[in-house]
Amino acid sequence: MGDIEKGKKIFVQKCSQCHTVEKGGKHKTGPNLHGLFGRKTGQAEGFSYTDANKNKGITWGEDTLMEYLENPKKYIPGTKMIFAGIKKKAERADLIAYLKQATAK
């Protein structure tokens, strides 16, 4: 399991311009991530997803996020997420640890 505090810093630096995590948070360029774990791709209510995201059909969890966050466009070709990814596995683990906590509150 990663370091939640390090993960929060990564989220603020690399994710927060496009995503929120709190319950009831608004969608930005990307969807609000509250309730992410256990949700299928393309299912955040009120967000306009690409067909690629809606049709991927996986459920978000530690393993799927670990792979997705390394290279989003490779994992879901056709996603509108413009983020290049996080190459370092430890940084992805930290971010996932933070997301697991922050999106469940």
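Don't overthink the numbers, they just go from 1 along the chain as shown.
Even glycines carry a Cβ here, placed using N, Cα and C.
Here's what Swiss-Prot has on this protein:
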- Gly2: N-acetylglycine (MOD_RES)
- Cys15, Cys18, His19, Met81: heme c binding site (BINDING)
Check Met81 (heme c binding site) against DSSP and tell me helix, strand or coil, would you?
coil
I need the most crowded of these binding-site residues: Cys18, Met81. Count other C-beta atoms within 10 angstroms of each C-beta and give me the top one.
Met81
Widest Cα span across the heme c binders Cys15, Cys18, His19, Met81, in Å?
11
What is the Cβ neighbour count of His19 (heme c binding site) at a 10 Å cut-off, with all protein chains included?
22
Cβ packing number for Gly2 (N-acetylglycine), 10 Å threshold:
21
Please report the number of other Cβ atoms within 10 Å of the Cβ of Cys15 (heme c binding site).
20
Of all the binding-site residues given, namely Cys15, Cys18, His19, Met81, which is spatially nearest to Gly2 (N-acetylglycine) at the Cα level?
Cys15
So around the heme c site, Cys15, Cys18, His19, Met81 aside, which residues have their CB within 8 A of the centroid of those CB atoms?
Lys14, Ser16, Gln17, Lys28, Thr29, Gly30, Leu33, Phe83
